[in-house]
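**Student:** Next up is a structure, given as structure tokens.
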Amino acid sequence: LTGVLDDCLCDIESIDDFNTFKIFPKIQKLQERDYFRYYKVNLKRPCPFWADDGHCSIKDCHVEPCPESKIPVGIKAGSSNKYSKAANNSKELEDCEQANKLGAVNSTLSNQSKEAFIDWARYDDSQDHFCELDDERSPDAQYVDLLLNPERYTGYKGPSAWRVWNSIYEENCFKPRSVYRPLNPLAPSRGGSFGICHFSWTGLCLEKRVFYKLISGLHASINLHLCANYLLEETWGKPRWGPNVKEFTRRFDPAETKGEGPRRLKNLYFLYLIELRALSKVAPYFERAVVDLYTGNGHEDAESKALLLDIFRDTKSFHMHFDEKSMFAGDKKGAKSLKEEFRLHFKNISRIMDCVGCDKCRLWGKLQTQGLGTALKILFSEKEIQSLPENSPSKGFQLTRQEIVALVNAFGR
């Protein structure tokens, strides 16, 4: 893949160099830190759009929650405690064996981790938030260690997975007149497994092109991770994951996709630029002394913030960002209407993620969707960010810990 990206003043080679040598090593380190590795998610929300009949039928693709009796007293009592790194290696919840099961979400956490989360939540509650996220308050929401639950192919595929993406593209996405992609596997065969495409952006304004590219880029990102960490075999109950070049070729090779594959990959680069732009724009929010990456461990918190600020300096040094100022710049009434349409479409897509049948796929789908949503929120809040008070929380613009964790991990993906 080479050359300049559409709607950007940027070439792929420059992005590759910048990411490989500057950004990626630092983002990887940041994702391993306590503040960014724990994500609270509700994997039990029902699908709001159709009967929830597509749950993963593969062995242990679902989460077996720990019984109440196994949850440490510390988290139920709510006593605060400093976080201890050594706690990560504890085996207190061995009865919950999902760590060793194919596709299951590993929700085992140490006593110290759970007690620290209560302290974190108390700290978050004392901040002046921009918005409330329903999931965090739900009794079904649970903390998940992202490092123990990598995004990978678990065997979840077929009509259920197809229906999720088809709903996103057909009902919730502005798109070109015709986009080549697999036909509905539920429909009668029409002599081939793929549809025909005459790709045309005719009549599609910049904003709608951007929206489509972001969703296509997100789809490409997820597919790439599934190909890179694919279930190659499971012998005697021991799964082996690794790169699947054949699957990658099937999804992205020009010959296999009627020329559409490279465009999907270009949309991934476009998504990268959008989220990179958001990170550079939100830097002033985090540069204030009043903002901590709070875990209760002062030394670790200071190191995490220093690493994050270092990444912000790198994002600002990259001069070929996507310029969002050209978006929603038409007449005020039309721009406001389009912006609201943009927001509602995206909100709907985030709700569709509750229809994903495999819990691990649902976890990463929800996280990356929330990360992209946070990036868009940042890009549309430039004036509020520029007018932030230095030494007090802002009522105009605020990020929850969930949004921060989602933003960094989605960009890391």
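Placed from the backbone N, Cα and C atoms, the Cβ positions cover glycine too.
Per TrEMBL, active site, nucleophile is recorded for CYS358. Here TrEMBL flags CYS361 as active site. Per TrEMBL, the feature FAD binding site maps to ARG152, THR154, TRP165, SER216, HIS219, ARG251. The disulfide bond annotation in TrEMBL covers CYS56-CYS61, CYS358-CYS361.
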**Student:** Looking at the binding-site residues listed here (THR154, TRP165, SER216, HIS219, ARG251), whose Cα lies nearest to that of CYS361 (active site)?
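**Tutor:** Closest by Cα: THR154.
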**Student:** Please give the greatest C-alpha separation between any two of the FAD-binding residues ARG152, THR154, TRP165, SER216, HIS219, ARG251, in angstrom, as a whole number.
**Tutor:** 21
**Student:** Between the Cα atoms of ARG152 (FAD binding site) and the residue listed as 'active site, nucleophile', find the distance and write it as a whole number of Å.
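**Tutor:** Distance (Cα to Cα, whole Å): 11 Å.
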**Student:** Given the binding-site residues THR154, TRP165, SER216, HIS219, find the one whose Cα is closest in space to the Cα of CYS358 (active site, nucleophile).
**Tutor:** THR154
**Student:** My understanding is the cutoff is Cβ-Cβ under 8 Å with a sequence separation of 6 or more in the same chain; which residues meet that for HIS219 (FAD binding site)?
**Tutor:** TRP165, ILE168, ARG264
**Student:** So if I measure Cβ to Cβ from SER216 (FAD binding site) and keep only same-chain residues at least 6 apart in sequence, which ones fall under 8 Å?
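**Tutor:** When sequence neighbours closer than 6 are ignored, SER216 (FAD binding site) has ARG263, ARG264, ASN267 within Cβ distance under 8 Å.
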**Student:** Which number gives the other C-beta atoms within 10 angstroms of the C-beta of THR154 (FAD binding site), all protein chains shown included?
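**Tutor:** Its Cβ has 24 other Cβ atoms within 10 Å.
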